[in-house]
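Here is what Swiss-Prot says about this protein:
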type	residues	note
BINDING	Q38, L39, R40, E41, K42, N73, S111, K140	4-amino-2-methyl-5-(diphosphooxymethyl)pyrimidine binding site
BINDING	D74, D93	Mg(2+) binding site
Amino acid sequence: MKREDLQLYFIMGTSNVSHQEPLVVLEKALRAGITMFQLREKGPYALTGLAYEQFARQCQQLCQHYHVPFIVNDDVDLAVRLGADGVHIGQDDEQIAIARKKMANRILGVSVHSQEELQIAIDHHADYVGIGPIFATTSKSDAQPPCGTNFLQQASKLQPNLPIVAIGGINGINADIVFQAGADGVAVISALCESEDIEQTVSIFKSLNRIKR
């Protein structure tokens, strides 16, 4: 994984999109210039079983066409089965050590909320960590309270060689604050899923100093 792959990290599941077909939204985002994509299929109406796997493969094919890393959220076995570029897990998900073993040399991202969790991720050779929610978010029903940028600043100073992506309520207005705090990239859900003009929204993110393509 290249550090710059985190610069504009799009996360999406079918429940995050209401006004367009999810695959249409994904392709628009890919065409506009996102640098990484994570399939996060959650919620009461989330796809399951074969329907979920078929949708995952369609997302993967689009990412491959645009040469953008395809990451699966939580489901390590699905990531292995698909030959995904990586998997992202939380502290409450499958044990990080097991995920690292199954994913071999593919990308492993881990959500962290404290110095202790950060060290656990490092000890198990995570390729990057996700820190958040930085700001209030409605995209995750189980999201923790906003943590602001303090821990993000601490983590980036303590672990300057560890790629960090920030998530949670980030948009084109507040993203610059996150980059100044030390994030290598921003992960967004609503900012793109609810955008009326995805190309313009991506362009705003890319216009920031740290966003380059």
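Using the three backbone atoms N, Cα and C, a Cβ is placed for every residue, glycine included.
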List of residues, in chain order, with Cβ under 8 A from that of E41 (4-amino-2-methyl-5-(diphosphooxymethyl)pyrimidine binding site) and at least 6 apart: G13, T14, S15, L47, Y52, F55, A56, N73
Same chain, 6+ residues apart, C-beta under 8 Å of the C-beta of S111 (4-amino-2-methyl-5-(diphosphooxymethyl)pyrimidine binding site), given in sequence order: H88, I89, G90, Q91, E117, V129, G130, I131, G132
Lowest local Cβ density (other Cβ within 10 Å) among binding-site residues: Q38, N73: N73
Separation of alpha carbons, D74 (Mg(2+) binding site) and K42 (4-amino-2-methyl-5-(diphosphooxymethyl)pyrimidine binding site) (Å): 10
Fewest Cβ neighbours within 10 Å, where candidates are the binding-site residues R40, K42: K42
Cβ neighbour count within 10 Å of D74 (Mg(2+) binding site): 18
R40 (4-amino-2-methyl-5-(diphosphooxymethyl)pyrimidine binding site): secondary structure state under DSSP, collapsed to three categories: coil
